[in-house]
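Features reported for this protein in TrEMBL:
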BINDING   T97, S98, F132, P133, T134, D135, D201, H204, Y226, W256, T282  pyridoxal 5'-phosphate binding site
MOD_RES   K227  N6-(pyridoxal phosphate)lysine
Amino acid sequence: MSELTLKAEKLDAADELAALRDRFVLDEGVYLDGNSLGALAAHVPERIADVVRRQWGELRIRSWTESGWWTAPERIGDRIAPLVGAAPGQIVVGDSTSVNVFKALVAAVRMAREQGSGGGDRDEIVVDATTFPTDGYIAQSAARMTGCALRPVTPAEVPGALSSRTAAVLLNHVDYRTGRLYDLPSLTAAVHAAGAYAVWDLCHSAGALPVGLDEHGVGLAVGCTYKYLNGGPGSPAFLYIRRDLQDRFDSPLPGWNSHADPFGMRSDYEPAASAIRGRVGTPDILSLLALEAALEVWDGVTVEAVRAKSLALTDFFLECVAAYVPAGRVECLTPPAHGERGSQVALRCPDAGDVMRRLIERGVVGDFRHPDVLRFGFTPLYVGFADVERAARVLAEELLG
Ligand SMILES: Cc1ncc(COP(=O)(O)O)c(C=O)c1O
Ligand SMILES: Nc1c(O)cccc1C(=O)C[C@H](N)C(=O)O
């Protein structure tokens, strides 16, 4: 047994979260793609079967009230809240991340303009130039709709790009390609000091590391639930609206579900007095309730414990890669400093597409990101240290072969 195999065994034996793996449906492979699609929690199919057969099949329309369908968006928002450091009553779940980015960004511009003197002059949206594409596309459209200029800059350039013209800033907490973690507290403070609003995309941090939304005074945030929250393919996203901003949140998609009196069926629009005004239309109940069931794996699990294991996993992966892969064969894009690292490791090599295809054939599932990035996501709820050692070993074999 090699030194690193032994080390993996010891780390697994001391891992307090190790038993959680049994709560998931996994095979003998190594699944390092939970940052794209989280694994299925074992109890979810049965729960969904009940929703379909009994709640829908037998109770039918009564389920909107008797099975709690109507209030699911805010109830499930409250279940996600502690995982992102939010008090209850500030998160609604529904729609895709893309749609929630749109709602939050346009609402941010509207809030920035409505406040104080000079608010009306705010005519710029700053966007992370390295963002996941959907955020960039939505920001372009939001800018056109609100008559703003779009200013794409790297996150490091954001503080210098802020001015009295800035209305809103769309940022990623963790870069989807490199796995770099950005400094949410200081960037939020800088944006607020400029009189603008930051919208945070938490897709790659929710369920992977503490976010501290309330603690850091974040105004608006969105995130998906099918990665580290294991909600299932296309499970609905979440939208956080800080409590004191809820009265001012002017949604560009004011559907009837966001109305103060939805069943009044009134022709005049009166937004609900809470985060509910972030809802739009009829919620996607099957996906929502699959997510709600999946979130039960978090009962008794803290995001702090998950973060500690995530850092240990990525540290160990980097150690194994350094030991097994010849120097210079790959370039690590993920920062070595814990404070700058999400829950993934991105390695660059010119033949990344081919290498990832061969890894997947051998049961080590990661992602290839165009043009030359091998991306490995570490989900502490179900990835162990022996998985990490094996992934690095198979990777080294394929890089040498
Ligand atoms: C940072 C980020 N934002 C948004 C999305 C996607 O948004 P949607 O759920 O609307 O497809 C992803 C991944 O798909 C992402 O990584
Ligand atoms: N949302 C996805 C999908 O519907 C199909 C394939 C991949 C995805 C992803 O989530 C990609 C992911 N956001 C990424 O960071 O690359």
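Glycine is no exception: its Cβ is also placed from the backbone N, Cα and C atoms.
Since this is a predicted model, take the numbers as computed values, not measurements.
Recorded features from TrEMBL, shown on the structure.
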residue	record	CB count, 10 Å
T97	pyridoxal 5'-phosphate binding site	23
F132	pyridoxal 5'-phosphate binding site	18
T134	pyridoxal 5'-phosphate binding site	16
D201	pyridoxal 5'-phosphate binding site	27
Y226	pyridoxal 5'-phosphate binding site	24
K227	N6-(pyridoxal phosphate)lysine	26
T282	pyridoxal 5'-phosphate binding site	13
- In Å, how large is the greatest distance between any two Cα atoms among T97, S98, F132, P133, T134, D135, D201, H204, Y226, W256, T282, the listed binders of pyridoxal 5'-phosphate? 31
- Query: Which binding-site residues from the list T97, T134, T282 come close to ligand 1, meaning a Cβ under 6 Å from one of its atoms?
  - Reply: T97, T134
- Length of the line joining the Cα atoms of K227 (N6-(pyridoxal phosphate)lysine) and T282 (pyridoxal 5'-phosphate binding site), in Å: 23
- Query: So, in DSSP terms, is T282 (pyridoxal 5'-phosphate binding site) helix, strand, or coil?
  - Reply: coil
